[in-house]
Amino acid sequence: MTAEKALPLGNGKAAEETRESEAPGGGGGSGGAAAARDPRDKRDKAVHERGHWNNKVEFVLSVAGEIIGLGNVWRFPYLCYKNGGGAFLIPYVVFFICCGIPVFFLETALGQFTSEGGITCWRKVCPLFEGIGYATQVIEAHLNVYYIIILAWAIFYLSNCFTTELPWATCGHEWNTENCVEFQKLNVSNYSHVSLQNATSPVMEFWERRVLAISDGIEHIGNLRWELALCLLAAWTICYFCIWKGTKSTGKVVYVTATFPYIMLLILLIRGVTLPGASEGIKFYLYPDLSRLSDPQVWVDAGTQIFFSYAICLGCLTALGSYNNYNNNCYRDCIMLCCLNSGTSFVAGFAIFSVLGFMAYEQGVPIAEVAESGPGLAFIAYPKAVTMMPLSPLWATLFFMMLIFLGLDSQFVCVESLVTAVVDMYPKVFRRGYRRELLILALSVISYFLGLVMLTEGGMYIFQLFDSYAASGMCLLFVAIFECICIGWVYGSNRFYDNIEDMIGYQPLSLIKWCWKIVTPGICAGIFIFFLVKYKPLKYNNVYTYPAWGYGIGWLMALSSMLCIPLWICIKMWKTEGTLPEVRPPRRAGLCRQVHSHIKSPGTRT
């Protein structure tokens, strides 16, 4: 590039600054120097008003806290064992290289370059695709409502750990039924075939009858679980005070929330591998079954896991990157964070399956019978395993503390990203006094009351709808396709590479550029089509079938995000005069802006 390089399109003032710096009389002598300084002064003032990370560590820990969450502990290990053990790592690495890193880097670099949140960043580079921003924020809004429900459950479990005997370890409590059987007391000769079929464990009854008090279906919402409502209130209160001062508070909190789970994971890993039967669990986790690679579902699971665990297509990475120094080496950061995320998932599998191997050993059953995924692992399988250990309340406390910290930073970073998007859209409204803090409070209160419906007796059925439709892999894949089309083809991958070179001083590996243009959208489109072709209606516990209106609600939540993109394109095209071939460059700029070049103030690349 030439000596004239692009400034970040920060705070919506790039065009105005360009016109000022290029105005007649702006060049030569002291007047030219003053004109050159003026845009930089305005930019520095805007950055100060908007906020920024105090150092690179705050950014790295914030992103790590966002992407390293519950899915690393309860989803990846299960998918690994289910899809061929070590063989699953082959498709996982393929998607890691072809989809994970490229989209992760695209969103982070876009935020850093534009200094804008999840909506206005797309408005700056290509207004035609501003709908991508709205789609990501709709998904994020859904996530903010239902993801924190898991924290409420975890807080409730944690509050029950401070006792000499865990309440889910034995029968005999008021919520237990006559079918409750403790595994230590299970003697086949003492039970008929019928009674064994109806037998349930105390940990299952604690989850379904004490925690959820689950009803017969979504048609029976039932009463609100007030204990869980208080736990949810506690979770939202903590979340609010973690982000109420923006990067000033978030950047400090993540020093604890992003590092503490690693301490807990290390302790649980050491404890797990020292248990009898742990080696069998680890073998079960890693033993490669290469024949599974011929199953398309294995590849689909690998691709969707990348999208889930990397928090891409949510606008979070764009928001976090927007608070970076313009010359921060986001390319190096992204590679490091992606490797850290996948490495954490892999190591977490050892901690989980060593304990599951121990549980299978104690019960004398195959490991496949005790392996669970999702809430089933966190609130049934693992709690049951710790009841078989000495000092079980201690290990249960450590486990649920780890879950809370894993979920907490993912939650408050999502809320912070949504707030960033709104504030960047209306900076004159919300960057005054305490209006930003009031906006966070309003979003938290609204999300809290919306989430209460998932804490009723029929709330688990609604939670599953949110999880399977509102923030499903299908929605994320759809958004990813258009993100790659926008940057790779409409805005131009070469142009964006020039922007990145201006920020970090060199161009990244050209493979990423080709992934944006061809590989990533092609793979995402293939998986998206596979989703539609192989679609099966959701069933709770593979037994309960939702009514037609229940599936209708699910699809409405899914379409509420996906339709934002084509609808916005249609609206923008409708408002642009003339047919597409007739659109002249001045009017075409309204569909995809050119990047303005300026003299950039010296900066230190980090």
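In case you wondered, yes, glycine gets a Cβ from its N, Cα and C as well.
In TrEMBL this protein carries:
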- 1-48: region 'Disordered' (REGION)
- 37-48: compositional bias 'Basic and acidic residues' (COMPBIAS)
- G65, N72, S309, N341, L406, D409, S410: Na(+) binding site (BINDING)
- 88-106: transmembrane segment (TRANSMEM)
- 143-159: transmembrane segment (TRANSMEM)
- C171-C180: disulfide bond (DISULFID)
- 255-278: transmembrane segment (TRANSMEM)
- 298-323: transmembrane segment (TRANSMEM)
- 335-361: transmembrane segment (TRANSMEM)
- 438-463: transmembrane segment (TRANSMEM)
- 469-493: transmembrane segment (TRANSMEM)
- 514-533: transmembrane segment (TRANSMEM)
- 553-571: transmembrane segment (TRANSMEM)
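On the structure: features taken from TrEMBL.
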| residue | record | DSSP class |
| --- | --- | --- |
| G65 | Na(+) binding site | helix |
| N72 | Na(+) binding site | helix |
| C171 | disulfide bond | coil |
| C180 | disulfide bond | strand |
| S309 | Na(+) binding site | helix |
| N341 | Na(+) binding site | helix |
| L406 | Na(+) binding site | helix |
Give the one range among 335-361, 469-493, 553-571 whose Cβ atoms make the most pairs under 8 Å with those of the transmembrane segment (255-278). 335-361
State the non-local partners of the transmembrane segment (438-463) in its own chain: residues 6+ outside its ends, Cβ under 8 Å from one of its Cβ atoms. 141, 144-146, 148-149, 152, 212-215, 217-225, 228-229, 232-233, 236, 239-240, 243-244, 415, 418-419, 422-423, 430, 540, 544, 546, 550
Enumerate the residues of the same chain, G65, N72, S309, N341, L406, D409, S410 excluded, that satisfy the criterion Cβ within 8 A of the mean position of the Cβ atoms of the recorded Na(+) site; list them in sequence order. A64, E66, I67, I68, G69, L70, G71, P261, A311, T344
Report, in whole Å, the straight Cα-to-Cα distance of C171 (disulfide bond) from S410 (Na(+) binding site). 35
Which of 88-106, 298-323, 469-493 has the most Cβ pairs closer than 8 Å to the transmembrane segment (335-361)? 88-106
Using C180 (disulfide bond) as the reference point, find which of the binding-site residues S309, N341, L406 has the shortest Cα-to-Cα distance to it. L406
Enter the number of other CB atoms within 10 angstroms of the CB of D409 (Na(+) binding site). 28
So which residues does the transmembrane segment (553-571) touch in its own chain, when a touch means Cβ under 8 Å and the partner is 6 or more beyond its ends? 128-132, 134-136, 138-139, 142, 465-466, 468-470, 472, 474-475, 478-479, 482, 538, 546
Compute the C-alpha separation of S309 (Na(+) binding site) from C171 (disulfide bond), stating it in Å without decimals. 37
Could you round the CA separation between L406 (Na(+) binding site) and C171 (disulfide bond) to a whole angstrom and send it over? 31
Please give me the binding-site residues out of G65, N72, D409 that lie within 10 Å of C171 (disulfide bond), comparing Cα atoms only. none
For C171 (disulfide bond), the number of other Cβ atoms found within 10 Å of its own Cβ: 19
Cβ packing number for N341 (Na(+) binding site), 10 Å threshold: 26
